[in-house]
Amino acid sequence: MEEGRGWAAGTSTGPPREFHGLVLKPTLGMPLFGWKFGKKKLKEEERQLQANNRDYNLQFQYANNSIKTSKYNIFSFLPLNLFEQFQRIANAYFLFLLILQLIPEISSLAWFTTVVPLILVLAVSGVKDAIDDFNRHRSDNHVNNRPVQVLINGRLKEDKWMNVQVGDIIKLENNNFVTADLLLLSSSEPHSLTYIETAELDGETNLKVKQALTVTAEMGEDLQKLTDFNGEVKCEAPNNKLDKFMGTLTVHGEKYALDNEKMLLRGCTIRNTEWCFGLVIFAGPDTKLMQNSGKTTFKRTSIDRLMNFLVLLIFAFLALMCFILAIGNGIWEYDKGYYFQVYLPWAEGVNTAAYSGFLMFWSYVIILNTVVPISLYVSVEIIRLGNSFYIDWDRKMYYPPKDTPAQARTTTLNEELGQIKYIFSDKTGTLTQNIMAFNKCSINGKSYGDVYDVMKNSIEITEKTEKVDFSYNPLADPKFVFYDHSLVEAVKLNDAPTHSFFRLLSLCHTVMPEEKVEGQLVYQAQSPDEGALVTAARNFGFVFRARTPETITVVEMGETKTYQLLAILDFNNVRKRMSVIVRSPEGNLTLYCKGADTILYELLHPSCEDLKEETTEHLNEFAGEGLRTLVVAFKNLEEEYFEDWIKRHHQASTDLEGREEKLSELYEEVEKDLMLLGATAIEDKLQDGVPQTIETLSKAHIKLWVLTGDKQETAVNIGYSCNLLYDDMADIFIIEGSTSDDVLAELRDARKKMKPESFSESDEVNVQFEKKTKKSCVMPEEQANGVYGLIINGHSLAYALEGNLEQELVRTACMCKVVICCRVTPLQKAQVVELVKKYKKAVTLAIGDGANDVSMIKTAHIGVGISGQEGMQAVLSSDFSFAQFRYLQRLLLVHGRWSYIRMCKFLRYFFYKNFAFTLVHFWYGFFSGFSAQTVYDEWFITLYNLIYTSLPVLGMSLFDQDVDDRWSMQFPELYKPGQQNKYFNKVEFVKCVLHGVYSSLILFFIPYGAMYDTMRSDGKAVADYQSFALMAQTCLLIAVSVQIGLDTAYWTAVNQFFIWGSLAVYFAITFTMYSDGTYLIFTASFPFVGTARNTLSQPNVWLAIFLSVILCVLPVVGYRFLKAQLKPTVSDKVLQKIKKDKKRPLPPSPKRRLRRTSTRRSGYAFSHQHGFGALIMSGRNMRPKSPFAATGTFSPNSEKSRHK
């Protein structure tokens, strides 16, 4: 343990005060729903525990192994959920209105007009929240109830994960998930090695090796020894650093250092290890996986936030109107009403005009509350739910091989899918399938892998293309696919270079074979690249069968041969190659080497010049197709020279000083004058349609950042494969500084090249940050002088995320078209997303498929989970999920864009129709003595938003589309207005209000003027309040119906039915309610008897209605026409182009192969761990049980093999 590690910052240099080994820091904790009010909560700074001693460990109150991601329980749901819901301003406002309506002095509308909608809204939201939380509970229970074997009182007892405690010893078996963060004690493998897969933590599927301390390894699976084990561990407190662990183990008074190589972390999977025992160090929420998982936050869209602001604005506007009308009432009552008390008596308890004005203020609050109707929120939820169903039902986002449909797991974020500016993507399993395939090769100047027709023209490989039949080889891998038959023919014809090529691939590697059933070989490769190459050699007749520290057994064309393995010249990131020196059964000494072409070309013999040129052409072709290339070569060694070299090698490998340098020199010496054999091309299989999807998203001005746990070379390779990076870019910056100063300098150099003027004092961003105002957080968009890419590794990123460097990182990275972050931890992924959210006014989306992506999925505005190879954690934490990355373009460009446009149209229309409806009351106040008399019939007020205008706007908001899905994908530029939030913002809202004010003036004064002192054709008067009310409400309803007709771009039978049906329902209800029969049955409730037939039978009334409607919609039609002609937007231009193109049939999408000239990129061993060769040579990972280790007698052509 490092001295002082884990001590609280700022303490003295001496050891801290310890309480049973736990360094404590007091903090005052006061949980909201707990009992420990005012108690001091102790913060852990260092952990101490004892194996097999629960009583001792319980005193520290460490977390147990249960996890909890749910928010509520059965008792807290109602109070907590209602508390959350009433934090919505509108809900709290309607509760306040309800209280007002219960006061008889000021109530002008019945209380039930508010109660019913409010309860409906609360119930719908509550049920949705309950279902979401129920699913979280179910997920938690599934994990917490997994079985595990715990050592208790000398016996292994099966228990649940959630009951495991710190200090317990547990047994794990092959393919088990690791239960908690464990210290590895012993395993079934030699030297207590344990193989693990860390896909859930870092996305890598290649195996990692962990090794127990010798002192604990000796216990093996002896339960008595394990029970008696009472070692004490002191280590760091729980943290989120996946690659670091520091601690000490004390056994029998001896101290042993602990590091990350001895830890098995929760989230890993045990592989190729029959059993292992581990001591629980961190459990449940303290595990590194859970520390990296991030918090579940309540996500709200930008439109939600804008609506909250607008609702506050409307409240202020409402208060102003009520204040004006209350003042008016006070003046009118003082000036006029006081003398009319016999005719219009004041209410009981009202003694002064001022008090009357005060009561009228609250009466008008109730009457004018429809400027923010509660139905707005009900309608918004219905629209979002409907658009979510479209995603669930979309057959074009259904993936048949896995029977996986797209799923909208959250129904509150749909419209934000139409506003994405930044996408943060994982690589492994998201962009790629995580499958390496041997695709092509060049052997002795001839290229293999392409398929030609009889005219020698290259043809595209499809599913129907004939595959090579490997049935002649009983040891072939049935999953391996190759299409070029000429390569098999060359092997069968005993072509010497071809045999040498595949012999090299079968010998030069660090792969471990596993053969549980004879003849069924499984390769465990350190990197998937190596697995692909050895599998290719296997299928072409050179089967790597077994290995020991001294030998490699290969079945060559049916004949078993055992090669003596004399040395492995291991791979590292500087050498970028690996070699083996072997002695063949015939006694020949050969060095086989494979590595990056740029390195190996420097080591070739001069006689290979012609072959080198031919191979270079092939390499360029392979790289142009995005394949990962690798060059292979060999050298025959003299016996005398090798004897001398191996002595020097042994001496160098045992030197304590300068060992690495001396070995490197010896490697350089022997790896000279190599003879070129050829090159391999491996395809890191992308998911279908990834390059095309990225290209389409790029046209939609969406920036893609790749955040991966993989090495830099691997990530760059994929960047080129999927068209993220390309050679036509102005520059690709690599940030790999090892100090914060280096990183700052590299970032600034990159920014200087992209935009030199960004360093001037007058630059907008520099000025903004000098002022340091509260709003200065958000940086404006900056344009670079070309197309650039940025690559940054995790080590440098850690510095870049600190202090002032984060602003520099955001400025530089956001100027680039593509950013790739390599070797990043799950928490760093979330920090990068948080950084862009903090400094850019942009909507972010994170997409991934593993547990290591959960934190960024939770952090981004929208999280998308891919139900892929790495489990379901990402899907469970996501807002939307589907099976393939390519579906992302449809989710955003079609569903997202439609949802955004529909929501914006809905809000614009909704605010317009309610302002037009409500402000008529305001104007009427000036003509009714400010008496809070409503213009309309009370039943019309109740049904206006509920029935008359609800369905047409819902019809538009669920079915409208400016262009169909094909054109949306064909013209990604249509997505841009959503990113700029053009369709609904504060300016658009002001336009809606002005439109509503103008319409309300028309809808009040034209009916008022038309009714004023008017006589019917038979001489009877119609200028009464009830006739005016009916005429005003009819004008209003027809005007808003015409307006929605103008707003609808896509007419369906449903829209037609809703609009005409709503008008028909209005007239049907009006004539029914105003009939004599209804009046006789419910006299008090329906006083407008006979008004409908008296008023609507007059031609002048219909003329006035027609005039009102024309005056309401004419300015809108004129404004839209002139705007489209004089100042067309990008959307207007694209829509015009689509109208022209619609006259011609839509051209089929060109199916082109993405070929380009590209720099060659070695695909060799990028997932390799340095030193694995030494592990193989030491034999510490070998089992002495392979039947092929010592003999060379097995042949696949033997009788036994043939008749199996």
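Yeah, the Cβs are placed from backbone N, Cα and C, and that goes for glycine too.
What TrEMBL says about this one:
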ACT_SITE  Asp426  active site, 4-aspartylphosphate intermediate
BINDING   Asp426, Lys427, Thr428, Glu530, Phe571, Lys594, Arg628, Thr708, Gly709, Asp710, Arg823, Lys829, Asn852, Asp853  ATP binding site
BINDING   Asp426, Thr428, Asp849, Asp853  Mg(2+) binding site
COMPBIAS  1139-1159  compositional bias 'Basic residues'
DOMAIN    50-115  domain 'P-type ATPase N-terminal'
DOMAIN    875-1129  domain 'P-type ATPase C-terminal'
REGION    1139-1162  region 'Disordered'
REGION    1183-1204  region 'Disordered'
TRANSMEM  109-127  transmembrane segment
TRANSMEM  309-332  transmembrane segment
TRANSMEM  352-378  transmembrane segment
TRANSMEM  906-927  transmembrane segment
TRANSMEM  939-959  transmembrane segment
TRANSMEM  989-1008  transmembrane segment
TRANSMEM  1028-1046  transmembrane segment
TRANSMEM  1058-1082  transmembrane segment
TRANSMEM  1102-1122  transmembrane segment
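Residues Asp426, Lys427, Thr428, Glu530, Phe571, Lys594, Arg628, Thr708, Gly709, Asp710, Arg823, Lys829, Asn852, Asp853 are listed as the ATP binders, and the farthest two of them sit 34 Å apart at their Cα atoms. Only Asp426, of the recorded positions Asp426, Arg628, Arg823, have a C-alpha within 10 angstroms of the C-alpha of Asp853 (Mg(2+) binding site).
Note on proximity: of the binding-site residues Arg628, Gly709, Arg823, the one nearest Asp426 (active site, 4-aspartylphosphate intermediate) is Gly709, by Cα distance. A 10 Å cutoff on Cβ-Cβ distances gives Phe571 (ATP binding site) a total of 26 other Cβ atoms nearby, all chains included.
Here the domain 'P-type ATPase C-terminal' (875-1129) returns a mean pLDDT of 87 for the predicted model. Taking H, G and I as helix, E and B as strand and the rest as coil, DSSP gives the domain 'P-type ATPase N-terminal' (50-115) the counts 31 helix, 1 strand, 34 coil. Between the CA atoms of Arg628 (ATP binding site) and Asp849 (Mg(2+) binding site) there is a gap of 24 Å. Put plainly, the recorded positions Asp426, Asp849, Asp853 were compared by Cβ crowding within 10 Å, and the winner is Asp853.
For Asp849 (Mg(2+) binding site), none of the binding-site residues have C-alpha atoms inside a 10 Å radius of its own C-alpha, out of Phe571, Gly709, Arg823. Arg823 (ATP binding site) counts 20 other C-beta atoms within 10 Å of its own C-beta, drawing on all protein chains shown.
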